[in-house]
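The N-acetylalanine annotation in Swiss-Prot covers Ala2. Among the features that Swiss-Prot reports, disulfide bond is placed at Cys28-Cys52, Cys32-Cys48. Under the heading motif 'Twin CX3C motif', Swiss-Prot lists 28-52.
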Amino acid sequence: MAAQIPESDQIKQFKEFLGTYNKLTETCFLDCVKDFTTREVKPEEVTCSEHCLQKYLKMTQRISMRFQEYHIQQNEALAAKAGLLGQPR
């Protein structure tokens, strides 16, 4: 059975998600939307927005992978150090 995440942590995670979403929306909007003379979204604005989002998602994925790799290396180093310390001389 999965452990429940405390409500305070759920709220914190949701606030972080909203902050990230708002930052991404603002960044892509400012980069992609330049013309306010029409109500319609232009095809180039759609394409730009899609590329902006894809780039952000790929970047986030790469950062997460590097973060995991770093933690694995740190854990291996700690395990090796603990193994050396635990051996009699």
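Using N, Cα and C of the backbone, Cβ positions are placed for all residues, glycine too.
Broken down with DSSP, the motif 'Twin CX3C motif' (28-52) shows 15 helix, 0 strand, 10 coil.
Neighbour count (other Cβ atoms within 10 Å of the Cβ, all protein chains): 19 for Cys32 (disulfide bond). Residue pair Cys52 (disulfide bond) / Cys32 (disulfide bond) shows a Cα separation of 8 Å.
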